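Residues or ranges marked as FAD binding site by TrEMBL: A:R209, A:234-235, A:248-252, A:265-272, A:N286. Sequence annotations record features per position, and here TrEMBL assigns domain 'Electron transfer flavoprotein alpha/beta-subunit N-terminal' to A:4-187.
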Amino acid sequence: MPQALVLAVTADGALRPVTAELLAAAARVGDPAAVLVCDPAERDTLVTALGAAGATTVLVAAPPAGAPLLTGELAALTAAVTATGDVSAVLIESTFDGRELAGRLAVRLDSGVLAESTDVELLDGQVVVTQPAFGGAYSVRWTTTRGVPVITWRGNSIEDTAAPADAPAVVELTVEAPAPAPTVLEEHHEPVGDRPELTAASVVVSGGRGVGSAEKFTVVEQLADTVGGAVGASRAAVDAGFYPAQFQVGQTGTSVSPQVYIALGISGAIQHRAGMQTSKTIVAVNKDPDAPIFEIADFGVVGDLFTVAPQLTEALAER
Amino acid sequence: MDIAVLIKQVPDTYGERRLHETDWSLDRAATDAVIDEIDTRGVELALTLTEQHGGEVTAVTMGPDGATDALRKALAMGAAKAVHITDPALAGSDAVATSAVLAAALRQLDVDLIVTGNESTDGRSAAVPAMLAERLGLPAVTSVRALTVDGDTLTAERVVEGGWARIQAPLPAVVSVNEKIAEPRYPNFKGIMSAKKKPVTTLTLADLGVDADRVGAAGSATRAVDGAPRPPRTGGHTITDDGSAGAQAARYLIERKVL
């Protein structure tokens, strides 16, 4: 059976949950294998964790010196495809970094990027992905006609898990960063506290222009924290300076597809809807009964979010 | 420094965008075609940089004949000239094929910096900037919200999920910008009038020396298998708050076992 390679996503020496989802997706189209770029000190723990998440092989590389941006991961992926030989697909999380890596890798492999995939299957031996288009207005299945398909995967799309592998085979990769590479001078992680990331959260609570100020966004945060959800913001709220740009949900921000999406004070312009309308259940609170968000909300409330949201928070906290 | 800005004409996101239900390609007739908003911000960055450091801005697009409208917008904002890559064989090109064509044109231009939007509002794969960098052997700095140039080096703030980083890269380089980079200037009357006289070079695949077998729907490595319009999402019920709407919403979520 060919191997399906996954780029392991780690943070602070641990696997991020999306890695297990990527391995589960990979298991549908091949023998799941992980490509891991990590500090040698973290490697044993991560290899064990990858095995538990289903990786039968782990291809490991140490990051190149000099903090080059993404070039270590790209070199590791390239080397992993070469070392593996029979590869059915490469799966990479659809993030800013992941999409950049996928683009470069597809050019190197003279294949194609199957972007923003939410499902993957083998159809007559061909790897086929499902991709929502125009914010979920369409669903299109794509395949590749040559080369190893490079799949960018939208996290939180499937719920299955891969069978654990007891002792994954470990393959050493040697990678060097090519010149001229961009270098990372400094990194800033925005404090998100204990909240899940937008793309990984099963509940997203977003605030819009109706929230009115940065200070009042606490009403959004309190509801999100009560249900273990992520906080999002509409473009209007971000442009008004109420909330940082990396939390923007919509056409020009992050696309989310959680189990529950709660929109507070968001009118629901088409650009916003394009980033959240594939959510399973949508609850909306807005003062304006004509707000377009009500056209797609499963449960809409015309009212003041500052009375409705705290009551909702309290009722869910008591549960 | 000379800068190339890549422009894409896309269906207006304020309209109802459609795909052809035969091959699942973009239905360009269904919606007004406009310059992708993010690209106007790329033009603004390029103009600001050339105002600071000298040099000129070239707007580049690949698309059907009507895509010249998007180039004229960039010229009206202040770009010095434009390149329009158009060829019937290009229709249906995927991101990898598109990047091969754009890279061929950019090699001819030989600029110090290539500026693109971080992702188009229609394709959304966000892969083309990195693909160009790969083909041209250049560093890529994507998703940039601020950028300065000092001599042969650029310093940029790159925003990713959950944070940002300060990145340094040697020129020439490819950068993709996000919507925080700059507010695009409005073309004034003089700009609009002069745009009509600025040179727009039209290039075909033959001019670029790109093999027609490697582009278009037939030459792309990706192919749509099938597709379906999702049933339009319909609203459920909407209530007016009588003082208990928060509790009712909670009950709705709990009863449906979604929370």
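Cβ from N, Cα, C; glycine included.
Structural mapping of features recorded in TrEMBL.
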residue	record	contacts (Cβ under 8 Å, 6+ apart)
A:R209	FAD binding site	A:S234, A:A236, A:A237, A:A240, A:G265, A:I266, A:S267
A:Q248	FAD binding site	A:G232, A:A233, A:S234, A:R235, A:V238, A:T254
A:A269	FAD binding site	A:S234, A:R235, A:A236, A:P292
A:H272	FAD binding site	A:G208, A:S234, A:R235, A:V249, A:G250, A:Q251, A:I266, A:I293
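Chain B lies within reach of A:Q251, taking the binding-site residues A:R209, A:Q248, A:Q251, A:I266, A:H272 and requiring a CB-CB distance under 8 A. Of all the Cβ atoms in the protein chains shown, 21 others lie within 10 Å of the Cβ of A:Q251 (FAD binding site). Under the DSSP three-state reduction, A:Q251 (FAD binding site) is assigned to coil, being neither helix nor strand. DSSP classifies A:R209 (FAD binding site) as helix under the three-state reduction.
DSSP classifies A:H272 (FAD binding site) as helix under the three-state reduction.
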